[in-house]
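Asker: Grabbed the feature section from TrEMBL, which reads as follows:
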- B:22-467: domain 'Amidase' (DOMAIN)
- B:Lys76: active site, charge relay system (ACT_SITE)
- B:Ser156: active site, charge relay system (ACT_SITE)
- B:Ser180: active site, acyl-ester intermediate (ACT_SITE)
Amino acid sequence: MSSYRIEGNTGAWEIVVGLEVHAQVISHAKLFSGASAEYGGEPNTHVSLVDAGFPGMLPVVNRECVAQAVRTGLGLNAEIHLMSRFDRKNYFYADLPQGYQISQFAHPIVGEGKVEIELADGTTRHIGVTRLHLEQDAGKSMHDQDPLRSFIDLNRAGVALMEIVSEPDIRSPEEAGAYLRKLRQILRYLGTCDGNMEEGSMRADVNVSVRKAGEAYRTRCEIKNVNSIRYVMQAIEIEAQRQIEIWEAGGTVDQETRLFDHVRGETRSLRSKEDAHDYRYFPDPDLLPLVIERDWVEDLRAALPELPEAKRTRLEQTYGISRYESGVLTVEQGIADFFEQVARDADARLAVNWMLGDFFGALNRTGATIETSPVSAEGLRELLGLISDSTINGKIAKEVLEDMFESGESASAIVERKGLRQVTDTGAIESEIRTILQTHADKLAEYKSGKDKLFGFFVGQTMKAMKGKANPAAVNDLLKKLLSE
Amino acid sequence: MHDLTLAAARKALRSRSLSSVELTDHFLSAIEKHDGQINAYITVTPEPARKAARAADALLAEGDAPALCGLPLGVKDLFCTSGTKTTAASNILRDFVPPYESTVTSNLLADGAIFLGKTNLDEFAMGSTNMTSAFGPVTNPWRRAGSDAKLVPGGSSGGSAAAVAAGLALGTTGTDTGGSIRQPAAYCGITGVKPTYGRCSRYGTIAFASSLDQAGPMARTLEDCAILLESMAGFDPRDSTSVDRPVPRYEDALERGAKGLRVGIPREYRTDTLPEEIAALWDEGIAWLRDAGAEIVDVSLPHTKYGLPTYYIAALAEASSNLARYDGVRFGARVEADTLDELYEATRHAGFGEEVRRRILMGTYVLSSGYYDAYYLRAQKVRTLIQRDFLSAFETVDVLLTPTAPSAAFAHEERPTDPVQIYLNDIFTVPASMAGVPALSLPAGLDRSGLPLGLQLIGRYFEEETLFAAGRVMEKAAGFTHRPALHAGAVA
């Protein structure tokens with residue numbers, strides 16, 4: 001259990017947090033219409049008559065969206081409900097064309113599951129998932145386009161969302177952040193949501209309450225629509241602080257919906273429980289209960305990609321890398337894939353060191369991602385191959401990698417163009433060393449009189465004379481031999 | 001020509017003794033002459049109809065005409081028709097022209113039917129009198145003997161029923177949620193079929209109560225209805241509740257007879273208040289079937305008495321949600337206002353009539369937090385019990401025979417002011433709707449004042465054919481050839 005506590009005037013307070021994550025399903029078409037679910041587009045260009053709620057239009061569930069929800073449920077180790085149901089959530093708003101949202105209120109498609117999170121101190125915890133259900137997104141109201149009128153864009157109306165509800169198991173902002181990152185990682189691995197919080201394809205409602213250790217839950221407040229992991233963490237801390245102040249002043253926290261203002265660093269009341277909508281949920285009579293086959297679920301399970309935890313373990317076992325290294329390499333599926341292409345049938349240790357070191361460094365410097373990297377996995381693999389077969393040494397390789405990022409040329413082309421091929425010809429190295437020993441007769445004498453440290457000086461002089469291209473092992477061997485003559 | 005059935009007209013067109021243009025012109029001029037007194041049509045579309053008729057004649061001349069080629073029909077103004085105003089008889093959709101075609105009307109058009117126009121109805125199909133239309137009430141073409149009192153045609157498909165009765169269309173489409181095809185068919189002395197829920201697609205039909213709404217044909221005879229239903233029915237991937245099973249040739253079932261058929265008589269339908277002459281007609285219907293070799297069996301549908309109240313809970317709950325989309329934001333009428341909430345209030349107040357507003361309020365109430373369990377949930381449970389009543393009855397019988405409505409048509413002025421009294425008109429039709437089983441109404445006789453009375457046959461899921469067969473036996477026995485006071489042939 002987390003030891004995170006907020007110190008108040010009356011002692012330490014524990015925080016209790018549950019998250020409702022709205023994740024936009026990756027699919028070509030919307031949940032109940034054939035219109036494109038693609039992000040962006042001119043306003044009201046991805047809208048069918050069904051989405052616009054025209055008279056007599058009927059929803060037909062999109063099988064691919066259901067498959068995505070099942071895949072996500074499987075990825076969260078959750079129970080898949082073979083029978084679920086769509087309900088109508090009734091309320092009036094200008095960007096809700098039908099006057100109701102179709103959602104799964106009473107019978108969600110996915111039941112209880114869990115997510116394992118890892119904290120900075122290396123400990124792990126399980127956060128329970130209560131349920132996952134499918135629902136439609138609403139459209140977008142734009143109030144800032146005209147002084148007197150509001151505009152409505154229905155491109156998003158009807159796009160499939162998965163609402164993933166956690167148990168109130170989260171006990172610190174750090175845990176909330178770790179949960180969201182892990183959830184996003186799993187969704188991205190599964191290809192069921194792109195997890196892009198800036199574009200709004202993943203957003204969180206944050207339920208926060210505080211209590212003294214050992215107490216039952218106190219009243220919670222829900223902070224709506226927080227759109228970054230950092231803001232979620234900030235909002236929890238700020239909201240917990242606010243509630244503690246109320247309790248400690250002898251007041252009572254009211255159950256209400258609040259908004260997080262990251263500019264002012266505060267949460268503000270949106271509506272109280274008394275003003276809460278009566279959504280008049282009832283089963284949507286336009287849709288039959290959603291019944292899926294066990295075999296279909298098993299087919300989806302069999303086709304699931306390798307998930308982060310499994311991949312980590314396998315990478316550790318296959319390539320002999322550390323827990324830390326496997327964690328970094330599996331943050332994104334693309335990185336892990338890249339690594340495996342580089343390390344395949346090659347020196348895995350060399351591959352890890354280069355990826356985590358110079359390669360990521362170069363990516364950061366150039367602002368590229370693994371997907372947009374100017375150096376492909378094959379390209380990096382070729383470079384490391386040149387090290388392994390002693391064509392170039394490590395120092396030269398760093399220079400070559402930088403050139404690869406700039407010029408886009410292959411490692412071997414750069415080595416040829418710049419004449420960086422390593423000198424392994426012992427005769428050439430030996431003659432260079434003999435010249436150096438003559439030039440630095442004084443240093444040679446000092447060495448012979450016992451100043452062993454000067455060995456490094458001779459290595460450096462040799463490499464310098466060879467313009468860095470000498471094979472370091474050959475230089476060492478020859479120096480040892482000639483110095484002892 | 002005014003006395004032609006749809007089947008006879010089809011024959012005449014195919015034998016080229018009559019052209020579709022002649023037939024269409026006949027109906028258009030009949031509408032022009034007589035519909036002023038009846039108000040069966042909200043919109044008449046003479047030009048598209050004539051154009052389609054000319055095209056139909058060309059096809060007929062070539063000899064490979066589709067099933068309904070050249071036959072002029074009326075379409076209830078609840079079915080969206082591409083490019084033609086579709087109002088649901090509501091001010092909120094007064095000028096709404098959908099850019100799409102309902103599946104049912106698409107099917108009819110694909111089979112070559114000619115649409116004369118859009119027929120009147122109760123606003124959003126909510127009513128049993130056709131008095132709630134924003135386009136004025138429909139007048140039943142029938143009159144009581146010796147009286148000029150204007151009578152209601154029943155509802156909600158009142159315009160569709162009146163148009164057929166008055167000879168203003170060969171047949172019409174209707175929709176039935178709790179009796180909206182069968183009750184007006186009975187009041188107007190015509191035949192109407194409500195098929196099994198899921199038999200006809202609801203795509204493009206303006207929704208009243210989605211779990212109950214079902215399209216069906218209205219025409220002079222069972223044969224006409226069989227021809228129309230075959231075209232209207234079928235699986236539609238755009239309606240998740242439509243059922244994927246083949247559509248039979250209903251016409252082929254018509255002459256199967258009733259020999260060996262087990263006909264159930266639900267004792268709960270014989271209420272204390274059932275008028276004597278309706279009870280007598282019912283007995284007559286029983287005798288017709290018995291004489292044709294059917295076995296008559298007393299059955300019990302014990303939850304019948306809960307049908308009406310649970311129907312009004314289930315249907316209005318759905319309606320309150322289905323009608324939320326008429327908000328003045330994207331289509332239809334809008335009353336401008338300063339805030340969004342005011343825009344909703346003003347638009348919906350101006351756009352919806354009193355009965356629709358009442359039903360939205362009741363539907364909202366039964367779904368509200370704290371009332372949901374007591375009303376909506378309980379109604380759903382009772383609905384299951386009503387379904388079980390039918391399933392268990394159909395273990396011992398093949399069809400059920402009941403009266404269609406507890407009265408004949410009544411006068412506009414006699415319309416009860418208490419809405420519950422009006423809702424009672426649906427008492428015999430609602431249970432089949434709640435169960436989703438098919439049912440039809442056929443004209444069986446006249447009451448003392450000369451008004452038509454209907455009998456209802458209810459069948460097993462997707463066994464419309466049995467209904468057509470049993471109905472045809474009764475149709476022959478009844479020999480109902482009466483025509484209303486106002487019809488295209490009677491009025492000079």
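Residue numbers in this text run from 1 along the chain shown.
A Cβ is built for glycine as well, from the same backbone N, Cα and C atoms used for every other residue.
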Asker: Hey, how far is B:Ser156 (active site, charge relay system) from B:Ser180 (active site, acyl-ester intermediate), Cα to Cα, in Å?
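Answerer: Computed Cα spacing between B:Ser156 (active site, charge relay system) and B:Ser180 (active site, acyl-ester intermediate) is 5 Å.
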Asker: What kind of secondary structure is B:Lys76 (active site, charge relay system) part of, going by DSSP in three states?
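Answerer: It is in a strand.
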Asker: When DSSP is mapped onto helix/strand/coil, what comes out for B:Ser156 (active site, charge relay system)?
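Answerer: Reduced to three states, the DSSP call for B:Ser156 (active site, charge relay system) is coil.
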Asker: Can you tell me how far the Cα of B:Lys76 (active site, charge relay system) sits from the Cα of the residue listed as 'active site, acyl-ester intermediate', in Å?
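Answerer: Counting only the Cα atoms, the answer is 11 Å.
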Asker: Within 10 angstroms of the C-beta of B:Ser156 (active site, charge relay system), what count of other C-beta atoms is obtained when all protein chains are considered?
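Answerer: I count 35 other Cβ atoms within 10 Å of it.
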Asker: Counting across all protein chains shown, how many other Cβ atoms sit within 10 Å of the Cβ of B:Lys76 (active site, charge relay system)?
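Answerer: Summing over all protein chains shown, B:Lys76 (active site, charge relay system) has 33 other Cβ atoms within 10 Å.
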Asker: Might you list, by sequence position, any residue in that chain lying six or more from the residue listed as 'active site, acyl-ester intermediate' with a Cβ less than 8 Å away from its Cβ?
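Answerer: Expected: B:Leu121, B:Asp122, B:Ala125, B:Ser128, B:Gly155, B:Ser156, B:Ser157, B:Gly174.
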